[in-house]
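Data first, discussion second: the structure below is written as structure tokens.
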Amino acid sequence: MVKHTIQIFGRIKPTKKTTTVYSVDNEEQTGASLEFVVPRDLADGFVNNKRECYKFRFQKVFDQAVKQEEIFENIAKPVADSVLAGYNGTIFAYGQTGSGKTFTVTGGAERYSDRGIIPRTLSYLFERFSQDSSMVYNTHISYLEIYNEMGYDLLDSRHEASRLEDLPKVMIMEDPDQNIHLRNLSLQPSANEEEALNLLFLGDTNRMIAETPMNQASTRSHCVFTVHLCRREPGSATLRRSKLHLVDLAGSDRVSKTGLNGQLLTEAKYINLSLHYLEQVIIALSEKNRSHIPYRNSMLTSVLRDSLGGNCMTTMIATMAVDKRNLDESISTCRFAQRVALIKNEAILNEELDPALQIARLKREIQSLKEELAMLTGEQRDDQLTVEEIQKLEELVKTFLDDRDPDVTLSLGPDMRKIQYCFSLLRLFHTQLPAACPCLRLMFKNISFKMMIMDKHGGGNGRSDGSPAETVREEVIQDSYHSAAEVTKLKTMLKQRDNEISILVKMLKKEKKRAQDAGYRSTDTISADHGGRAMQYMKRGPQLSMGKQEAFETFIRDHEDHLAIEDNKNLLKQRSAEARRLGEQLNEARNRINELKKKLEMQRRQRAAHGVMGNHTEAEEEVDPVEENLCKHIEHEKKAYKSTIGCLKALRTEIEHLQLLLERAKVKLQKDFHKWWSQEEASSVQESESEAATRCRAGSPSGTLQPSSPGTPGFGAPGLSSTVRDPPLGPDPNLNSSTFSVQDLRSFLPKSVPPLTAVPAWHDESLDRRATDFAPSSEWRALSTTKLSSSSIPLTGDQQADADIQAFVRARQNLLNRTGPPQ
Ligand SMILES: Nc1ncnc2c1ncn2[C@@H]1O[C@H](COP(=O)(O)OP(=O)(O)OP(=O)(O)O)[C@@H](O)[C@H]1O
């Protein structure tokens, strides 16, 4: 058992704004300290108007410039090491909204170097597994989100969550020993780093997609990413299970300060309540002689029960923003950390026996002891070997004979019946070999066991003793007498299978092409696995119409993440090219090694042949310089090969991460766009309605307005719900400006008015021309200078298309107002 107080670290988020006066001292003997100096006038009613200095102790404080790598090395690596040793570990980030919790735990969304604790820890763990061949490791991942006191499984791939409520709900269960179990939380196996990172990505994407429209999920919910580890020595019945929780808590901002109301206030209360219960648990744990710890008050404290005052090595990262306006929140975060530092945990090695394995091992031991006893007491077993036993022995002998290793052994245990049977098999084999020639003997070792048995018994007229060896012999004889009909039948079957395969290949190709056509992303940048989720999300919405697609492209160009995405794309291309180059180098090195090996083999054979001929001299027994040289060369090539593999592996990890970042950025763009688009549509409707109302009030239904006759461009058929405010100025000169929506217009029309033609004759070219000409520059400038409203665009009469065109023009106008036309 290891007694250990919770380790607390501070991390300060970089800022360009004026900061409060603070100092970090990491040189103190007792750890580190963080001190805030608050001018007395500012302190009034602010934090505590009696003090000017606030000093807090930490294990270490990471100031603004500290990079993710250092955070991982100092904070996460020691915890990961103890998890590898079999202890439970938890790292949780606590701090106000926007102070860098997600950045620290998961990482930034822009650069590979911004990878946070989770991806780095996964990378580290899998690297350690690969270095330790004495153990078998098994890893599972779970990802839980707690929002408004409800748990959700972020890794459920069966669900296409568009809302948080669509995700499976996770329930807390407690067994009689008061152990907590999370029902419905899936544990996903991950055999390597890539799979684990994919799970992280899946969870993060689910979290992002399922965000409530009103607020960012990361601010309002707690997330617990857990690595479940099981390790054992091969064949051992003892296994060690450990868990590593990596926790990104909701923002700790105080409700009173946030000025929220309505739904947000309810949520904030929940969050504050769960963080309040967390604080209560922490206070209770830091008080001596407290017998009751109120873990059950909230889901978060129930889940973290082991991490707080239990069997776990726990570390807290207090994240802080030090701009002036955040001073009081930072001080409150530090105060919380000081209380956490008082909590003592007792981590124990989670070792257990695998009952199934233990039983099997004991059974084997009993059997072996019985056989040994029988041998020692002379009580030989006289029952026959079973068919399975005989088959197993024959396989053992075959493997033994096929093995080129001169030190190979044949272990049969103490059962005399088995030993005798194997001897008889070996004798059979031995009598077939020309005794004088060792080379031939070696060659014969590679002759299949089946052939050997057949040879021994000649052309099938031997006596059948019913042993498996005999059965094999008979099978072989029968094989040779296959009738022509049988062969034809087999050939036909083969052909059928070939046909089936070619049909399947064609289908696969078609499917692949379809996926590529539909794909938003380019396949050279995004791996198939990673793309799945984002594609699902994109497919969920309706296909973008032309106008919307245009707006989307413009939106992307103006999006704040655009530059970062472009940078990452370029970096990805660069890295992919490097990876290709390294791959080619590897192939070349492999070929060179194979060539060298062949030469070496040849050299050895020549020398051996020399020896067999008997004309070798003493000198030839010595080390052959050619051989030695070849060996050195091979070693050298192997080293280069290994180091290239190392580089390629690192590159692969980086490429995968970049792919994930791009994938996530795309999902975010898509989501932001849909949100923005619906806002534009809504305001468009609102505006047109208010304009119409103004005109109605003025008593001027735009007197010149004429209901369109069939074939007249500009107005849709009754039933259109789009928001055509003005008749088009363009193609139809007969129509004057009007500011009616179609609904308004319809209310003026007699019921008997015949339906208007939905798609005017000029529509196609005109719209197509617009769609293609809408490329930046001329059209953009024209639009921006003439301040075109949606009414200046001729409409199609198609409800969906018209709505899109209207919204698009508005959106474009807004963008222009915001950013100016693109050059
Ligand atoms: N150490 C850092 N270096 C660079 N950027 C940072 C750092 N810490 C945070 N940021 C940036 O600050 C912004 C807010 O950070 P983050 O989302 O991690 O805050 P948070 O505490 O998780 O907020 P919330 O409570 O809303 O989830 C992000 O854009 C992030 O990239």
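Glycine residues also receive a Cβ, built from the backbone N, Cα and C atoms like all the rest.
Annotation comment: TrEMBL describes Gly95, Gln96, Thr97, Gly98, Ser99, Gly100, Lys101, Thr102 as ATP binding site. Residues or ranges marked as coiled coil by TrEMBL: 572-606. Summarising the annotation, TrEMBL assigns compositional bias 'Polar residues' to 701-711, 783-798. Under the heading domain 'Kinesin motor', TrEMBL lists 5-343. As annotated by TrEMBL, region 'Disordered' applies to 679-737, 776-798.
Features recorded in TrEMBL, as mapped to the structure shown.
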residue : record           : CB count, 10 Å
Gly95   : ATP binding site : 29
Gln96   : ATP binding site : 22
Thr97   : ATP binding site : 19
Gly98   : ATP binding site : 18
Ser99   : ATP binding site : 26
Gly100  : ATP binding site : 20
Lys101  : ATP binding site : 29
Thr102  : ATP binding site : 20
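Confidence across the coiled coil (572-606), taken as the mean pLDDT and rounded to a whole number, stands at 88. Close to ligand 1, meaning a Cβ under 6 Å from one of its atoms, are these of the binding-site residues Gln96, Ser99, Lys101: Ser99, Lys101. Report note: the ATP site is defined by Gly95, Gln96, Thr97, Gly98, Ser99, Gly100, Lys101, Thr102, and the residues of the same chain whose CB lies within 8 Å of the CB centroid of those residues, excluding them, are Lys13, Ala93, Phe103, Gly251, Thr319, Ala321. Under DSSP, Thr102 (ATP binding site) is assigned to a helix (H, G or I) in the three-state scheme.
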